[in-house]
Amino acid sequence: MIEIIDIRKSFDDHEVLSGISAKFEPGDNNLIIGGSGSGKTTLLKCMVGLHEPTSGSVIYDGRDFTKMNFEQRIEIRKEIGMLFQGSALFDSMTVQENIMFPLNMFTEQSFEEKMDRVNFCLDRVNLKDKNKLFPAELSGGMKKRVGIARAIAMNPKYLFCDEPNSGLDPKTSIVIDDLINEITEEYKITTIVVTHDMNSVMGIGEYILFLHNGKKYWDGTNKEIAHTDNKELNEFVFASKFMEAAKEKL
Amino acid sequence: MFYSIGRYILLLKAVFKKPEKFNIYFKEVMFQMNYIGMGSLGLISIISTFVGAVMTLQIAFQLNSDLIPKTIIGSVNRDSSILELSPTISALVLAGKIGSSISSEIGTMRVSEQIDALEIMGINAPGYLILPKLIGGITMVPVLVIIAMFLSITGGYIGGTLSGAVTGSDYILGITSDFNPYTITVALVKAFVFGFIITTVAAYQGFYVRGGALEVAQASTKAVVVSCITILAADYFVTQLLL
């Protein structure tokens, strides 16, 4: 479980996050939603240590990440997998080398063992025959899937996904959502997805944290979201006519 | 400026942290030594040969007197090549070639979140990305400078004899008389310092890029400019210190 307590983050005098607290349970798809500039990605980066929160705590199963030194954080980071918005695959490495990279760095496995793990991860994301391709030769959806394969290579306890559907067509978006959902349930990992894709919210959102202007405005499940009277959340979720029409059926 | 110097020192501190896996770093070091050394050999060879040839012609033009023996052309060219031209011109050329390459590579990794990905994996990104380049720089720049010295002196021989500015025997006599081996030591110290400057300044500029393609290009340009100025300043201080 990951717990965030009163997270605040300022850049110079501008406060981007204003005292956000939440609990993210393992085995659930935890979604952080909100409009552009609401602080979703900043919160995610504070949680994984890419940004230092101005105040507050990030607790990984009872371990306070914000109070740890560099070496202690490395131990936590070995338990984290992350899918980046732009996939962040290493350009100079093939798909196989990208996935094998954390295994090379942190395990003493033989080459055959590492290859087995790479093939397992690629098979899990339905990309078994793409080992030798470079990231530049992959489509956007394939890059995301390789990103997921790399993120799960080390059997993470925590999976973070930063806008996994951005730049993807609706069909591929659903494939990525389903994949994240399956991996979360299968390995009982704590998954946190930052998104503003409403298909993801309604499809896989078991716990949803809604941010607006850097503040926590609402949290609940995708079942509850259609019936909330929170004005800002309603404006965000039912901004499109399609979603407004769909609201009647929810 | 003080903020940048402080951040540069902190980055260097992170670079020298213990590597996660020595064999992976070793492979990277070998790759960088090959890239910096072999990749720059052709350019350094051409430049050094021509600089040596031109130097001989200019020395011959300026020392055109019956009172000055022709052998002096060889000895002046030798000392100039060893002490100043080979280390400094090679370093300035490498700052352009290697420095811009390092800065744009690391900068692109920064803006495409590849450095964030390394950090999330628990890898010391400054160490993994910069240390192999730094070792490649401080080992291969001196090697390139030694080759540049040899080719500059050889270029002087070719240029001088082809143009008739000096005879081959006078030139050879000039370069072999009154040779002080300490000049080689000074040149190698300079090359070591320049290798350090070229790689770390460029890496620093790339590592802290924020933005996109334009900022990466600006960082690359800045890396070359700052490296060149730092090399010239370091050249002065090392020369004053050692001579």
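Cβ from N, Cα, C; glycine included.
According to TrEMBL, the transmembrane segment annotation covers B:35-61 (among others).
Taken from TrEMBL, the feature transmembrane segment applies to B:134-159 (among others). Counting only same-chain residues 6+ beyond the ends of the transmembrane segment (B:134-159), those with a CB under 8 A from a CB of the stretch are 15, 29, 32-33, 35-37, 40-41, 44-45, 47-57, 73-74, 77-78, 81-82, 85-87, 89-91, 94, 98, 165, 168, 171-172, 175, 184, 187-188, 190-192, 194-196, 198-200, 203.
Residues or ranges marked as transmembrane segment in TrEMBL: B:179-204 (among others).
The transmembrane segment annotation in TrEMBL covers B:216-238 (among others).
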Intrachain neighbours beyond the transmembrane segment (B:216-238), with Cβ under 8 angstroms and 6 or more residues off its ends: 84, 87-88, 91-92, 95-96, 99-100, 102-104, 107-108, 111, 186, 189-190, 193-194, 197-198, 201-202, 204-206, 209
Cβ-Cβ under 8 Å with the transmembrane segment (B:179-204): same-chain residues at least 6 beyond its ends: 7-8, 11-12, 15, 78-79, 82-83, 86-88, 90-91, 94-95, 98-103, 106, 126, 129-130, 133-134, 136-142, 144-146, 149, 223-224, 226-227, 230-231, 234-235, 238-239, 242-243
